[in-house]
Every structure is written in C-alpha cells, then in structure tokens.
Amino acid sequence: MPECDISDKGNQLQEQRREKVIKMHSQSLWLCSSVDRENNNNGRLAVIITVRCPPIPNKLRDQRYLKLGKLKVVRRQLLQRYEHQPFVSCLAGLYGCQWRRYQRAKSQPGECCCSRVECGSVVLLVLTFLLSSLFLYFWSQAHNDYNEFDWFNFETLGFWFPWSLLLLVVAAALFTYISLLLVLAVCLLSEGQRLYLHWSHKMGIVVTMAFSVSATAVLSEVWSKEWKTLLLSLQVTAPFLHVGVVLLMTLLSWSIALHFFRMNKRVDQVCLLGVYLSVLFSLYLVPLAMYSPCIRDSGTLGPKPTLLGHRGAPMLAPENTLMSFESAVEAGVDGLETDVTISADGVPFVMHDLTLQRTTNVEEVFPNRTHTPAALFTWSDVQQLNAGAWFLSWDPFGTVSSLSPEQRALAGNQTVPSLAEVLDVANRAGRTVLFDLRQPPPGHPYRDNYLNITLDLIHTHINSSQVLWLPSDQREEIQQVDPELQQTAGQTASIQELQNNHITTLNLHYSTMSLQHISKYRSVNISVNLYVVNQPWLYSLAWCSGASSVTTNNMLLRDIHTPLLLVTPEQYSVMWVLTDLVSAALIVCVFIFHWWRERGLHFWSGSRQTHETGPYSKFRTDPMESGWGRWNPFHSESPTRTLISLPMGLNP
C-alpha cells in the first residue's frame, strides 16, 4: 500500500498513535490515501482520507477469493441503489440531450423531480399526449368514411389526393413521438433522475398540440357527424380500451410508488396518491357506464345483415359501371345500390354526382361543359365519355394493384351505363336494386314525368318486387300504380306514419343506429338498411343492433361470420372484475416493494457501526449524492473522500 503523508505540528507521540489507527482502518478498507486533518471545537480530530484504490488482481474478482464479510464498504454498497449508467445515459440523452454523466443530476429524497419550468413542460407533455391520442382515435375510427372525405376535398380543391391517409400518418407519427417522450420521462423518474426536456422536444410538443387542436376543430366544423361515429365505436372498443388503460395505470404505479415513499412532506404524499387513486378507481368503475348491443344473452343474436353493393363494387372496379355491378354480383352481394339521373332526351342512366367531372373525362370531350349538370347532357353525349380511366389514375381505395392486366384494361374502357343495363344485371342474378332517383333541374323537358319513365323501364326489365323504391315524390300514386314495389323511406318517422305510406324498409345512415329503434321497427315488419358500412367493427355493431342489411363498398364483409365483440353479460362482468382485481393486486405489491426497499435503505444509511477494537464512530462515506457515481471495489476510479472522527487522547 502506498504511504499516507501526514503533517502534524503537535506532539510526536500522539501523532504516531493516530497514524497507526488511520493505517489500521486503511488496510481494512484497502485504502491508500493522502490524509488531511482539522481540529473540531469539541476536542476531536477530524481526519479526511482521500481514497485511491489500486488495481485488484483478476483472481480477487472471483467471489471465492473475496471476503465480503470483512469489507464494510462493499457490504454497504450492495445495499445501495444500483444505477444502470448506460441505460440512464440513453434515457437522459434522448429526453434532454444529456449524454454525459456530469450533465444530469439525481433527485434527492423529498425533492421535486424537476424545476418549475420543467414541471410545466411535463404537464404540457401529458396534455399533448391526451389530445393527440384523442385525435388519433377519432380519425382512425373515421376510416369508414375516408373515401367520402377525399371526394369532399376533391370537390373543394379541384384535384385528387388521399388527404385522409396523409392525415392519419401524420397523426400516428406525432402520437408516437409524444408517447416516446412520455415513456422516457416516466423511466427517468423511475431511476430517480431530475427531468430536463431539451428545447427541440419542447418545440415538438407545441407543434403536436397545435396540430391536434386545429385538426380536431376543423373536422368538428366541417364533418361533425364523425363524432357520432366515435361514440358508436366505443360500443365495440370500450371493453378493450378499459383493459389497456388499466394496464397503463398499473405500469405507472412503479414510478408513483417510488416518489411517494421518497417525499418528506405528508401533504405532497397525500396529493400524489389522492390524484392517482382517484383516476384509478374511476377507471375501475367505468364499465358500469358502458353499453354495447354486442353484450347480450346467448342465443339472442339475430341473423347476419345482407350486403348491398354501394354503386356496385367500387373497390374492385370504377363505381357505377357495368364492371362494378357485375363484380358485386360475383362477390356474393344480395343487392345493388345506385343513383339515377334522367338525360336531356329522357333516358335514365346511372350517375351519383350532379356533374360528370369526377368520374368521366368530360373535361377532354366537352371542355366547355365541365360543370354542366349531368341531366342536361343527351344520352348520345354521355355514351362518348370514358367512365373508368379515372379509377386507374387515382386509385381511390388503393386496390388497383390487386387487379390483373385484363381487369385493368377492362376497367379503363368502361362507359356510363343506363338504368336498363343495371336492371338487367340484377334481374339475371336475382338481386334486389335500391336506387335514388334525382329529379331533373328546372327547364328539363322530362322534369314532370321522370317517375313514369322510370316505372315503365322497371316493368320492362325486372320484377317490381326486386326494386326498393326510394323516391318520396308522389309515393301514394306510385303505390297505386305498382303495389309490388318495396316502398323505402330515407328518414325515420312514427310507426303509424310509416305504415300509412306502405313503408317496408328504412334506408338510414349508420350514425342513427340504435338497438331500441331498430327493434321497434322490426316488431312491425319494417326492415332497416344502414349505409355506408365499410369497417368490420361497424358491421359487427350493425349486426348486434339488428339491422337487416347494410350498403357497403367492402365486399370482404361477407367473410365475417361472428361479431368482433360478442359476450354475455356474465362473461363481461368476469372480464371486468378480473382485470380490476389483478391490477389492484399488482399495484399493492408494487407499493409494498417500494416501502420495503426504502425502509431498508433508510435503515442502513441511518444506522451506526462500531469498530471491533474500539469505540470509533462509523465510517461515514460520502456517497457523492450530488454527483453520479459510487465507489466500486472492483474498479479503480476517482478518489473517494472518507471522514473519520477520532478522540484526541486515543490509545491504540
């Protein structure tokens, strides 16, 4: 061991005795040191030893050669918290760009985990996480209507772009970014580190919050009906969301318990634990307010809703073309849905929009009539237009790549079909037809007798019982002329009014879905068709609600053989109670563990040790709490300072 230099101006004999004591303790702790001293007012000599540990031979690193019982410092170090330096460095570097140890600091027991500014950043981070998650969930559940949203933007901006998918990708990316920041913050708190958020992340939080708030506000203004979709989605996803959020709160209990037992002020402990338990117990009781038609007694589920192809099969072919309707029939739908316009020369043809701009090349063929109403074109003019090239060019559903070369060639050469051609396709396949008939604009030569023209066409090409008649004009007269037509209403009314108008089917938007209303109508033999249902969760909800049929773009719904969520009330109660009990048990175990660990650490750090050969005070090693490392006997690192308090008149 290297010698320890001690300069003393006092009595030589007394100095030698003290030096022997110091060397004795140095050898027992493997210390080689330079020693300073200072006299205290109480007559005791305080000796400060600067510890320098020599390299230890490899054989001594083996536990067989290491006598831990004789190493007081080693025994105590094993009881102290072990800081995973690479892990903490990575966390602090990603969160606050504090990659080096001297750049960060640990939060001492009883201290706040961060400054006031950083506390504000954490609060803003949590708020942004909630807002971004709300918007992401809102927009992901609106996926059923993405196509409608994109066409709305097309009519507004004048060009096609999949804005819905772009919005989803941006929302998902920002949510992921904020979630990672929140996870880093929780991990740093669990490691006892003080929080410092880098300024670039603070800017990112502000950008994410601004995006979430503005996007939610704009969509609420122009597309407010999607909030009804959000509420409907909770009837299917709420049980799964409940389990996920309870799991999240259970994981958060680790950090909460750590800081709870480290706090010195009882008020802070009560506030922290009170807020946490309030949120937790609220989540435990949330299922009491949940409602879903898919939580029902066994054997009470009605038949599976049939499918009506919305403008044919628009995911497989250009909408409102013969290829689209034939593809829908081949896919196994039970009916076809479309919209009918009367041409200037009295020919009913299939077209959804008021103009021909979106689904034809009218800009190329008739550049001066791009915005002219479709009803003002003659049938010969309409036949000159291509109704399929736009589908291959814009790929509205992202399904063009699944088509074979022959199918692409066929789709690119489609024309606008007449109503007679569509009725022939339905008649040959034995399918029903639901269509909305648009009244011609003022000045149109067939504005007054368009209903009679359409009825004559029906009588010629299809059985009247296969037609769901949706137009509400002159319904009484139409019923008298052809009582076999299935009279269909597009809005709800009292049962008495519906029966007076001979209504047999209601064609309603899916947002009006209600088990109570549908059951009421079905009790008087009035079936309900819901449009437009594209997502499996929405189809499952329509099934559980008792809908007779749905209008859809998605032909894959035919492969759903059971609702996504279908449990009995007893099964759901077991799932709910079991989730809460397991969560509560895990949280109690976490708090007990932290209580035991903190109690043990306080015991060891607060106890006194006496040397076997005399009444010395314990070695009080400075753990460098204001720094970042602790002494490790297996490595030779920076000097450690040790304070030994000795009596002035000690005889060794």
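Every residue, even glycine, has its Cβ placed from backbone N, Cα and C.
The domain 'GP-PDE' annotation in TrEMBL covers 305-562. The transmembrane segment annotation in TrEMBL covers 122-140, 160-189, 201-220, 240-261, 273-291, 574-596.
Of the ranges 160-189, 201-220, 240-261, 574-596, the one with the most Cβ pairs under 8 Å to the transmembrane segment (273-291) is 240-261. Highest Cβ contact count with the transmembrane segment (240-261) among the listed stretches 122-140, 160-189, 201-220, 574-596 falls to 574-596 (criterion: pairs under 8 Å). For the domain 'GP-PDE' (305-562), the mean pLDDT of the prediction comes to 94. Of the candidate ranges 160-189, 201-220, 574-596, 201-220 contributes the most Cβ pairs within a distance under 8 Å of the transmembrane segment (122-140). Panel annotation: around the transmembrane segment (574-596), residues 239, 242-243, 246-247, 249-250, 253-254, 257-258, 260-261, 280, 284, 287, 567 of the same chain, lying at least six beyond its termini, place a Cβ under 8 Å from a Cβ of the stretch.
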